[in-house]
Amino acid sequence: MEDRPITLSPSLSNTHSSSEEDKAVLQVSGGASLHGHVGISGAKNSALVIMAGALLCSSQDCRIRNVPALADVTRMGEILSALGVKLERQGDSLLVNASHIAQSKAPYELVSQLRASFFVIGPLLARLGVAKIPLPGGCAIGARPVALHVRGLQAMGADVQIDHGIVNAHLRGRNKRLQGAKIYLDYPSVGATETLMMAATLAEGETTIENAAQEPEVADLANFCRAMGAKIRGAGTNTITIVGVPSLHTTDYAIIPDRVEAGTFLIAGAITHSEISLSPVIPDHLTAVIAKLHAIGAQVIEDAPNRLRILPGYRHLATDIETLPYPGFPTDMQAPFMALLTLSDGDSVITETVFENRLRHVAELTRMGADIRVKGTHAIVRGVPMLSGAPVVATDLRASAALVLAGLAARGTTVIQGLQHLDRGYENLELKLQKLGANLKRLPSVEHLESPLIVPETTIAVPVAEPS
Ligand code: EPZ
């Protein structure tokens, strides 16, 4: 098979942060109230997996609409291009042509930067009968193993060996097709459900995935695959049934709005005691988040189809949160909601059950004057009257959003470093916030700050309760 030129269209390749851009900081002057309306972008966690899903289509271009311009989307594009896929960005659409996959091996240097890229193992194996994907490795929020993905593919007849950090999967026998299987997931992993559902679309026979993840992005992927001719039932429930077909055809599909971005803006309204509206959103996707906003005294109404309006309370109450797989409270909203609860009336207990290391934003919020104690995977948040601006560092994607939100409410100026995390998952966040009246701006580096950055001598240690 001849090598195909890798063509990344200009707009797809320019959302990649260089080391220069990693020096950029966000200067947030707190206290401004917000007003107006904000547009919500397409869902990052749908875009990434649906781009991988386009590998299943052996005919012409698939058009994927409403694709946000994010660093993670660029990275996934580079991985697909390295496999020989042609990609073209046209506005918020992505044309993906996987008719000639030239490679079954994804490059380590790219996969290691984007965990979601591991999900290509399912479609590649289903299309080519072989796939060699580097182990994605852990990240800031946890070890992130992939055993459930591997075990499911083995149940479908794949021979999977992990060797030198590479997951080598291939099919024996002449017909090189995965076989339908009954799969029970020990944990309703989003990624494992998506990988196995994609693989099963081209398998021989019927596959059922039990204890499947029910996240809206899983259902969005299933709808995309169905639009290409796949036979999938039950996506969005804990049991998914897929009857394999010989091949899938092209489609033109628009992905769902980003419920995490929408949740982040609801909190921006609440934490600044502002009334704002946002659309497009699918309110059902935010049920758990809206319930917690109501619990603290804010009001969220659907004042037009697919549009939400937040009417903030005067002084928000405390509430307890436990992150869970969907439809439970989303782990991706834990950090932003914690920022809000730092200013509530009373004590809130936040329990992170999905990822083992997703409380790293606590230290930075404490630097801004929050009163938070960590005990294992629990954070006890004692509401304080006011936060104060400080220099802080974002440790991961959702932690960076929490620091922006805290900065909007804080007295004085907050300077946030580590914006490469923010750019992975929020499209034009500061522009959207500026349009709502927020006082913040991105500066090339700390050297460009209006007033010098006062870096405290000592780092603030979070009081950790002794293990009892
Ligand atoms: C998806 O990650 C999202 N990423 C995450 O969003 C999100 O936090 C997560 O689902 C949970 O909702 C994308 O969709 C690209 P999991 P994923 O497999 O699929 C364990 C964000 O901020 N597990 O459901 O990787 C795992 O370690 C990101 O946008 C195994 O033990 O999540 C974790 O503790 C962050 N073995 C738990 O399951 C496995 O084989 C949930 O992981 C797979 C997972």
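Heads up, residue numbers simply count up from 1 along the chain you see.
Positions of Cβ are set from backbone N, Cα and C atoms, glycine also.
What TrEMBL says about this protein:
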type	residues	note
REGION	1-22	region 'Disordered'
COMPBIAS	7-17	compositional bias 'Low complexity'
DOMAIN	29-432	domain 'Enolpyruvate transferase'
BINDING	Lys44, Asn45	phosphoenolpyruvate binding site
BINDING	Arg115, Asp332, Val354	UDP-N-acetyl-alpha-D-glucosamine binding site
MOD_RES	Cys139	2-(S-cysteinyl)pyruvic acid O-phosphothioketal
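Sequence features annotated in TrEMBL and their locations in the structure.
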{"residue": "Lys44", "record": "phosphoenolpyruvate binding site", "CB count, 10 Å": "27"}
{"residue": "Asn45", "record": "phosphoenolpyruvate binding site", "CB count, 10 Å": "25"}
{"residue": "Arg115", "record": "UDP-N-acetyl-alpha-D-glucosamine binding site", "CB count, 10 Å": "18"}
{"residue": "Cys139", "record": "2-(S-cysteinyl)pyruvic acid O-phosphothioketal", "CB count, 10 Å": "16"}
{"residue": "Asp332", "record": "UDP-N-acetyl-alpha-D-glucosamine binding site", "CB count, 10 Å": "25"}
{"residue": "Val354", "record": "UDP-N-acetyl-alpha-D-glucosamine binding site", "CB count, 10 Å": "21"}
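Look at Val354 (UDP-N-acetyl-alpha-D-glucosamine binding site): DSSP puts it in coil.
In this structure, Asn45, Asp332, Val354 are the recorded positions from Asn45, Cys139, Asp332, Val354 whose C-beta falls under 6 Å of some atom of ligand 1.
Distance from the CA of the residue listed as '2-(S-cysteinyl)pyruvic acid O-phosphothioketal' to the CA of Val354 (UDP-N-acetyl-alpha-D-glucosamine binding site) is 14 Å.
Excluding Arg115, Asp332, Val354 themselves, the residues of that chain whose CB lies within 8 A of the CB mean position for the UDP-N-acetyl-alpha-D-glucosamine site are, in sequence, Ile141, Gly142, Val190, Thr331, Phe355, Arg358. The separation of Lys44 (phosphoenolpyruvate binding site) from Arg115 (UDP-N-acetyl-alpha-D-glucosamine binding site), Cα to Cα, is 13 Å. Between the two most distant C-alpha atoms of the annotated UDP-N-acetyl-alpha-D-glucosamine binders (Arg115, Asp332, Val354) there are 16 Å. Across the domain 'Enolpyruvate transferase' (29-432), the model assigns an average pLDDT of 96. Taking the C-alpha positions, the distance from Lys44 (phosphoenolpyruvate binding site) to Asp332 (UDP-N-acetyl-alpha-D-glucosamine binding site) comes to 12 Å.
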